[in-house]
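This report refers to the structure that appears directly beneath it.
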């Protein structure tokens, strides 16, 4: 009878270990995708910074040295700055490094700190989801779809698409952060 009980408990513990291995494998897979996404966003942000700088340097060079302004350089720089801002916010959220006032939270016990961090991520998730929805609605309005930029005649939805796109990415990262904090606590 005791041997039978030991076999059942051994079988149950093996099933739990198998399940934890599956959960860890699933988590590893998710973390791998999130790391790739973050790396892609970092590369896109670096390229945007470089192109913004090149655009501004060319604009100054043509205007001041050659005395013949290059059309659209300021417009390009402005749109890259917009992209850099939203991509940077996504990167900061992915690294759980958003600007925050933490001196109150740091004085709380660790379990309450974790709960506060989860609540903040839920708030970020809700706001990002709402901004994604309304941002997408805004970008897809007929007025914006048909509008073009002043100098280069680029469709306005192209540079402005970063807003709903970055909000969607922030939704993904806030869900990942909630998962991270729940695993910690």
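Backbone N, Cα and C define each Cβ position, glycine as well.
Unlike curated entries, TrEMBL annotations are predicted automatically.
The annotation domain 'Tripartite ATP-independent periplasmic transporters DctQ component' is assigned in TrEMBL to 52-179. TrEMBL lists 43-64, 76-95, 116-136, 156-176 with the feature transmembrane segment.
For the transmembrane segment (43-64), the list of distant contacts is 70, 73-74, 76-77, 80-81, 83-84, 87-88, 91: same-chain residues at least six beyond its ends, Cβ to Cβ under 8 Å. Counting residues 6+ beyond its ends, the transmembrane segment (156-176) has Cβ neighbours under 8 Å at 30, 34, 37, 41, 79, 82-83, 86-87, 89-90, 93-94, 121-122, 124-125, 128-129, 131-132, 135-136, 138-140, 144-145, 147-149 in the same chain. Listed as Cβ neighbours of the transmembrane segment (116-136) (distance under 8 Å, sequence separation of 6 or more from its ends, same chain) are residues 93, 98, 100, 105, 108, 163-164, 167-168, 170-171, 174-175, 177-178, 181-182, 185. A mean pLDDT of 96 is what the model gives for the domain 'Tripartite ATP-independent periplasmic transporters DctQ component' (52-179).
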